[in-house]
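Now, the feature entries from TrEMBL:
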- His121: active site, proton donor/acceptor (ACT_SITE)
- Cys137: active site, nucleophile (ACT_SITE)
- 52-161: domain 'L,D-TPase catalytic' (DOMAIN)
- 12-33: transmembrane segment (TRANSMEM)
Amino acid sequence: MFWIINLRKIRYGIVMVASLIVLVVVLTGIYYWHNLSHDRVMLLPAQSQSTIRLSINLPKHRLTLFIDNQRYKEYPIAIGKKQTPSPVGDWTIVDKQKHWGGGLGTRWLGLNVPWGTYGIHGTNKPWSIGQSLSLGCFRMNNQQVEELYEWVPVGTIVEVTGQDSPRFTRSSYKIGDIHQEIVYIQRQLRKLGFLSGLADGRFGPATQEAVEAFQLSQNLPVDGIVTESLRRHLWQNVESFN
């Protein structure tokens with residue numbers, strides 16, 4: 001009987017020791033993983049020679065960080081509702097703020113969208129991530145936007161892509177106009193090789209020159225104005241220019 005009791009105690013002791021060893025290994029792994037991740041966050045901004053940009057895919061509710069044109073990390077996001085859509089275009093981060101709180105969460109990365117105030121920010125509604133529920137901004141989990149905040153400097157380009165076949169609500173667009181639909185025109189001109197700059201929704205001199213160059217290439221009257229007729233030419237000529 002004495003040996004049976006001792007054997008049980010020995011087995012129990014072995015199980016306890018084994019459990020403690022496993023726990024130490026797991027905790028050690030978590031510790032080193034955490035520190036490795038932390039070091040990675042802190043070291044990335046120091047790589048001043050790297051080109052950093054962000055890409056947001058609205059249909060997929062995803063934000064991707066690129067380093068030197070290589071996909072580095074991807075995050076789930078919430079985007080604007082149908083009534084308050086997120087702005088499609090090529091934007092620039094112009095402002096960074098901490099601890100705004102409330103619906104903006106712990107970090108704010110402001111974008112230079114010309115028709116409103118939009119940004120990438122945290123949230124107090126983490127359950128909304130992956131859905132179309134915002135007023136147009138791009139929501140992230142607070143922990144993830146804090147990570148991104150450390151990596152992304154002011155001046156970073158943010159490319160937002162959405163629908164491939166846009167709807168137009170105006171009959172014409174000309175220099176001085178600012179509108180979401182101008183982004184689609186600019187991207188079409190860029191696809192055809194007539195525009196090299198950002199698609200930022202601003203119909204400036206570069207966009208006017210690109211429109212005029214396209215009109216000239218099509219033997220159309222050159223006035224730099226995008227009419228319904230010219231839009232049809234723009235979209236019909238994509239294949240012929242590829």
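Here the Cβ of each residue, glycine as well, is placed from N, Cα and C on the backbone.
All protein chains included, the residue listed as 'active site, nucleophile' registers 27 other Cβ atoms within 10 Å of its own Cβ. Residue counts for the domain 'L,D-TPase catalytic' (52-161) under DSSP, helix first, then strand, then coil, are 16 helix, 51 strand, 43 coil. In the predicted model, the domain 'L,D-TPase catalytic' (52-161) has a mean pLDDT of 97.
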